[in-house]
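The annotation transmembrane segment is assigned in Swiss-Prot to 30-50, 68-88, 92-112, 132-152, 163-183, 202-222, 279-299, 307-327, 351-371, 388-408, 421-441, 462-482. Annotation source Swiss-Prot lists N-linked glycosylation site at N123, N450.
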Amino acid sequence: MALSSIEHYLSYHLRVLLPQVLSSKSSHNIAYIFALFAAITSGFVSLISLYAQPWQEHLSYSSWQINMIVTVINMGMYLTPPILGIIADIHGPITLSLSSVLGFIPSYAYLAYTFHRDHSFTNESDGSFTPTLVCFFIIGVATSGLYFSALITCAKLFPGTKLLSISIPTTCYGLSSLIGSQFLRVKYFHPVDYPYLDLGRVFKAFAWIYTVIGVMIWIATSKVAQIQHEADIMEEQDRMAEPSDNDVENHYDDNEQSRLLHATHAQQMTLMKVFRDPVLYIFGATIFCALGPLEMFIANMGSLTNVLAGGHEPAMSSALLSIYALTSTLTRLGTGLTVDYFNKRQLSVKWILLLFLVVGLVTQGKIYMLSMSSLDHSHMVTINRKLFYIGIMQGIAYGGLFTIYPTITLMVWGEKMFGTAYGTLMIAPALGSALSCLIYADVYDSECANSTTRSCIAPVYETTALEFCAAILLTVVVTVLWRKRRTHI
């Protein structure tokens, strides 16, 4: 497909410049490396779990406000992929990358400015909290846009190998939390006059980082446009070299038009079949119940750690996020390998899904038991060890489920309908995380704000445990319905 006018103008200068300064192979490899850097930085929004303390102490945000921020981020990330996919298909990944950078830079610059203002002017009553929500919604959309742009770029640069096109960029995205949490340990972000993370400096640094990333992904996506443009030229030359006959050509055009109309009608019928499939929505309900609590854990990791550890381990949140991110990334890779093994052995991958759901359920029980335990501050080593194990188990559940759900979607609805089906299903974690985060905020603000006991948070994990039980039950129902349809997973 020829370049759109937007993709043509955005990539024109680099398409002209790259062949003059780099060989084709060098520009190809550099573009891939730049796309991986974009994939790594696209996930920095997950560091929000480290922002709870400065938001609460410096800006006097309540847990409800913090979870509202998390909710709008998830809405931006999960509700827009179908639209972003259409834009990328029509106008290329360069359009997504430019839009993402234009979303990141001013949003983070504004957030840095508001954090450094006097906290007396940052209360919700003066209306400044609403622009903050708008900024984080834009950041959520930009996160999906930059990640999609990087992923599509890698896939187009190395379409022949799943390792380079899918696995490595996906792994880089999973490493965002780990790399970002280590980056925020730099002393620059912890000035002596701040007893907590200076989010003004953090957000300002992010604005500069995304400026650099914007240049890098512009180069990478322009290389993709160059490859497409060269392919279009070769196709045009081949077509002009063929002998022409007006009658044959007209007959061919009529048949081609008829074929395209038939294909369009068939595609519309297939789309309607997907949207009318009740099993799709039951499957979406399992995602709603499972991924909602896991997203909530990431968002509230800082405040949860303070509640469970009594606020005596300020470095625990960062360490917990690091181990969580590492475990999640390794699980994503391991799950992909396990799925390949199961497919070769003709084993059902539903057992992998059920295993991760059980791990998630057990983890909710572990958090509940720790919240109800009688361990005091003299047992901090034991408490920290339990939190460490909880972080590992949550990472396994999160990484595994976020890998197995799209895999099953691809197996059931096929490659042609994958984007439509999975884009629809991605609404579920957005709604699920919104519900779970607001439940957490309500319990935290009403029970834990003035409490010194960790049991105040227990009602949240009674609810999340029930959600995982529902997810397991609905998964069994879905697999039975698929078996009746002779759909094997």
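Using the three backbone atoms N, Cα and C, a Cβ is placed for every residue, glycine included.
Contact count against the transmembrane segment (30-50) (Cβ pairs under 8 Å) is highest for 202-222, out of 202-222, 279-299, 421-441, 462-482. With a 10 A radius on its CB, N450 (N-linked glycosylation site) counts 8 other CB atoms from all the protein chains. Counting Cβ pairs closer than 8 Å to the transmembrane segment (462-482), the top stretch among 92-112, 132-152, 351-371, 421-441 is 351-371.
Take the transmembrane segment (202-222) and the stretches 132-152, 351-371, 388-408, 421-441: counting Cβ pairs under 8 Å, 132-152 has the most. Ranked by the number of CB pairs under 8 Å to the transmembrane segment (68-88), the listed stretches 163-183, 279-299, 351-371, 388-408, 421-441 are led by 421-441.
Between the transmembrane segment (388-408) and the transmembrane segment (279-299), the number of CB pairs under 8 angstroms, six or more residues apart, is three or more, so the stretches are in contact. Within the chain carrying the transmembrane segment (92-112), a Cβ under 8 angstroms from the stretch's Cβ atoms is held by residues 3-4, 6-7, 10-11, 38, 42, 84, 131-132, 135-136, 138-139, 141-143, 145-146, 148-150, 152-153, 156, 199-204, 206-207, 210-211, 213-214, 217-218, 220-222, 224-225, 228, all 6 or more beyond its ends. Only sequence-distant pairs (6 or more apart) were considered; of these, fewer than three Cβ pairs between the transmembrane segment (279-299) and the transmembrane segment (163-183) are under 8 A, so the stretches are not in contact.
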